[in-house]
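The structure under discussion appears below in the form of structure tokens.
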Amino acid sequence: MQEHIAATGKVPPGNESGNTTRNKVVAFIKGSRTAPLCGFSQRVVSILESQGVDYESVDVLYEDYTFGLRETLKKYSNWPSFPQIFVNGELMGGCDILTSKHEKGELAGFFKQ
């Protein structure tokens, strides 16, 4: 992998599904769950925490560890922006979709599936 990164400047494709299934709920956000770096990521973290969701967060801005992940994940999910929330390996959507489901009271059962 390091050779591929050195040669191309990007994370090699092929492990996207592994990244999205590391936990039942995975939130790809800007920053960390303790220090989100944008308002949308802050909102996602706030909603997930308020629902008591056991989730893993991945900081897409931490290029030392996730070099090229943002662009690779955008292509994989066909979703142009972050945050991106995956549930059971499937893209749920971003901040707007999560917020809408939260406001409609649809999340309580959604994460228990």
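Backbone N, Cα and C atoms are what each Cβ position is placed from, and that goes for glycine too.
Any TrEMBL annotation is an automated prediction that lacks curation.
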Which of Lys30, Lys112 shares the glutathione site with Arg70, Phe82, Cys95, Asp96 in TrEMBL? The record says Lys30
Taking every pair from Lys30, Arg70, Phe82, Cys95, Asp96 (the record's glutathione binders), the biggest C-alpha distance in Å rounds to 19
Spacing of the two Cα atoms, Asp96 (glutathione binding site) and Cys38 ([2Fe-2S] cluster binding site), in whole angstrom, works out to 14
Here the 10 Å Cβ neighbour count for Lys30 (glutathione binding site) comes out at 20
